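Here is what Swiss-Prot records for this protein:
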| type | residues | note |
| --- | --- | --- |
| DOMAIN | 1-339 | domain 'SPX' |
| COMPBIAS | 54-88 | compositional bias 'Low complexity' |
| COMPBIAS | 95-112 | compositional bias 'Polar residues' |
| TRANSMEM | 391-411 | transmembrane segment |
| TRANSMEM | 427-447 | transmembrane segment |
| TRANSMEM | 476-496 | transmembrane segment |
| TRANSMEM | 510-530 | transmembrane segment |
| TRANSMEM | 561-581 | transmembrane segment |
| TRANSMEM | 595-615 | transmembrane segment |
| TRANSMEM | 630-652 | transmembrane segment |
| TRANSMEM | 666-686 | transmembrane segment |
| TRANSMEM | 712-732 | transmembrane segment |
| TRANSMEM | 745-765 | transmembrane segment |
| COMPBIAS | 1023-1040 | compositional bias 'Polar residues' |
Amino acid sequence: MKFRDYLKDNKVSHWRDKYIDYEYLKNLIDNEYINAEILNSAIIDLPLSPEEQNNINKNNNNNNNNNNNNNNNNNNNNNINNNNNNNNTLKDGEQTNSNNISIPNQMAPQESSGEDEDDENENGNGVVGDEDGGDDDEIEMDELVIDDNGEIINITATAGSRVKVKKGINKGVKRLKKIAKNTNNRLSRMVSRSPKNKGLGSSSEIEGDEFQLDGGGISSQIEMVASNNITGATVFVPQETFQDGFIDQVNKVDIFFVDRYRKTKFKCVDLVGMIPFLSDNEQLRTIRNIDYVKQGFHDNYHYLESLESYKNLNLDGFYKILDKYEKINPRIAKECRKYLENTRLTSTNSPVRELSRRIKQIYARYFTGNDIKLANNQIRTNKQVNQFQNYIIGFLIGASAILIAQVIFKFYYYFPDVADSPKNSPMAWLLFRISSLPIILGTLFALMTKLWEKAGINYVFIFELKPDIKRSSSRYLMYGMIFVTMWLVVFNVYVDSISNKTGSPETSRYLLLIPLLFILGSIFFLILPFKVLAHRTRFWVLHKMSKVVQAPFVPVRFPDFFMSVQLLCLGEFLFNMQQIVCMFKFNDPLYSPSGVCFKHKAVIFPILSVLPFYWRVMQCVRRFWETGQFFPHITSAIRSTFSIVTNILLWVANNYGNKEWSWIKILWFIINVVGTVYKLYADFTVDWGLFLNYKTNKQWPLREKMVFKRKWVYYVAMSFDTFFRFVWLIVFSIRQGTSYKLDHPLFLFWFSLSEIAWAAQFIFFRVESEHVQCADTYSHFKDIPLPFSQDYKNYMEEKKSRYDEKKPHHHHHHDNNNNETKDGSGGTHHRRNLSNGHHPYDDDDDDESIDSDADSKDLNLESNSEFVDDEGYNQRKNSIISSIKKIASTQELNSMNRISSHPDLYSTMQRFAGHVPDSNSSMPRMYSHPDFNHPIPRVLTSHVEVNPSTLRTVPQHRLNNIPNQRIISHADINPQHLRVGSPRVEFNSTVQQRSPHGEIQSSMIRNHSRADLNSSMQRIQSHPELNSSNRNQVDPNSPMNRLITRADLNKSR
């Protein structure tokens, strides 16, 4: 099993947002592979022509013999350079913004033969470089003045009489820019090709150029976009690193863990203080108060167990994610592991376990007579109760399925034709239908509580239920299934009774008492005033129903709104109840359209139908008066107002309309359609936030906060909501278009059931919406009110005052074997084990006694292993964080391997970029990299940079269809990528393809011998300015003198 699935299955629902975000950290690790490729600029390699390569090899072989002499010259010049180092060395950062850019002529195009030049013009390979016929024994220095558009406006000689200005410099620079632009355009076309054209072919030629780009297709995470300027200001968007995300996650878990522990300990201290309080107050030592203290110890012990499991689960996740990251970056992973081990999550002596042990000892000391085994059995979670309830639920579901099948079989067996059924059967169907609606609604609510618990929705907090009472969704569902089974049993009895056709009509008439007695019995059970049969739930329902009736004169809370919605869907129940009263009053039990009650035009009928909607409107008005918010309170009021108007118009049309389509009925139809559309729109916006907050909502078109991550759940719910809202229109169309009036009892039952289903779905998602819209819902909690709060407060104040007086105190020593207490004077007295014997009843078989002589030493919860937040702890954390940042910054320098910001090197790059780079770009940040301490020609002849501002991200669906090859967008200029033997300026290649074994192999990197470097070095070292004999002739202000006087440039290669 994968850890993310294990984490999901073992989360505590109320702490769901407080766990490690494992997927988030894993994504940060995955981004490490991509960041090395897309953070910086792309560098493209332009291969040399065969003639140029042969010339370079020839020059390298000829210059090998002169290397030793050049090295000796370097050694002789070291002393002179060292003496003048302080005066002639140019500091880093000087002249970086100058428009006069001084560069070695090695970077400039040199004179070549006409034949070679023509070839270059034809092939597009006119990269500025050292051609055949160039002198290897001298270096020319040119100063180029470049304007903002990259055009050369002035060329002057600054290196003395031996400096020679090359004729083709302007032409060569323009040709270089043209090649770069063509390369960029070609790459754009290659990336943006259709996925069907997978193969570009290894011999793909760039149009108008002779060089080739290897690859059989490009899989890239960048898009080289053609633009007027291939280079521009570099803008880097900072991305969150793994170490930052890891530290944030560790801090989140650590703070939540310690905070919850301290809150639990504070509650335990209060419970411990109640033990001597109850011991000293015999009047308050009741079963209820003792149960309160015992239950408090139970709950806190279980809470600490959950907290310990929370810690262990998060630690497993952190260690697993570190094991993954260690394969990529072991140094930072080691520091992150050190940071984790320095937190309070990895404390050796866990205060949580110590507090759990102390709670168990105190519980055994004062409630089980020092019986640790009995205390363990009483204080641990009793899972057998839930298992028993689940067994009962399964048994009742099976019994209900059998009863339903039996009812259907018997009815159609005894009455194959509906006309053969008893004359009073419509009345019986009515009675059974209206009695089943509240039962089904209550059972659906029990099922919803189970789903809310699974989804982590805190319905106890939303419904404002008392937190000191244990609730179980399985228990609710068990009660619901009991009523469903009883209803089916009564229904079976009625079907068996009416199937006896030998009975007289009077006898069959009395059979109506069967469903009627069941309804009366259910109502009596609901209002039963005794504390039996789920009395808390029954009293809560009656209390909320009374508050609905009192609206708008009482404050309205969410439970009151919930109860009003239940009454809305029970409108059919209220309407049928008034008809039952009418039938018994007029002795018309046939329940037919020709009966008295159907023809009766009592005004009470529409009033009872619209009464639930009126209560709902009054609740909305009250909420608007309290909050002043038009949405959603007045919005909901308008919904209910539509229902009131349509019900009144329907009653008027049925009783006073002369025609089938009178103007009243037409008005009713129009208002009903408009009202249904408005209700549907209100449902979508209030419950699901559909099409709201387009600019700021990341989850658009749904609301931003959702409990269920699968969006299809909400869309399915919207579909059902639309169907339930327009059921009336379907029924109306069938009745108007056909002769069938849809008055069959079974159809009416399903029609009523659709109202129940709508109400259940509406409440389910409204509670879910209320849950996610509460700020920090999981941190909201209600403290359990003390049953003796004022008395306990007075007792603690008196105890504190006695402590402040510092009276002499005798230490008592307990003898657990003989229940005697020895005081300081040597006398003894017996402890009083007060029980609840003075009460005329006992609740359970458990020992309800509490030790009346509580010892303060036994009740001490302090221990040596406590969580600390001292200055030393914070300093250790900050020290590790600083170490992680230092290592990360060092690795960033080593990974990019870019050109340093030495003024002359930086100016060289500016010459070919045609602009002054942004101060935030990566190049000015790269100072004093070890690779830059080598002789300058090694870097100057290596590459020119393509600006990252021309890079764009390719959509993921396009990347998935472009296989095999990748354009790396990072300019990893390390020595193995540099073409140090070429005196030309080139685009260095990091176009790479993945081998079958997963290793990245460079397709265009050329390994040159050491002679390549020596060849370039010889050209610099053989320059007269470098010669000691001509040292005095060199202008001290020349750029070349500033370079070669640095000690590190004169070191032997």
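Cβ atoms are placed via backbone N, Cα and C, with glycine included.
The structure displayed is predicted, hence computed values, not measured ones.
If you count C-beta pairs under 8 angstroms between the transmembrane segment (561-581) and each of 630-652, 666-686, 745-765, the highest count goes to 745-765. Within the same chain, the transmembrane segment (427-447) packs against the transmembrane segment (745-765): three or more Cβ pairs sit under 8 Å, each pair at least 6 residues apart. Cβ atoms under 8 Å from those of the transmembrane segment (391-411) belong to residues 474, 477-478, 481-482, 484-485, 488-489, 491-492, 495-496, 499 of the same chain, restricted to positions at least 6 beyond its ends.
Sequence-remote contacts of a segment are chain residues at least 6 beyond its ends whose Cβ falls under 8 Å from one of its Cβ atoms, and for the transmembrane segment (630-652) they are 568, 605-606, 609-610, 613-614, 616-617, 620-621, 623-624, 664-665, 667-668, 671-672, 674-676, 678-679, 682, 685-686.
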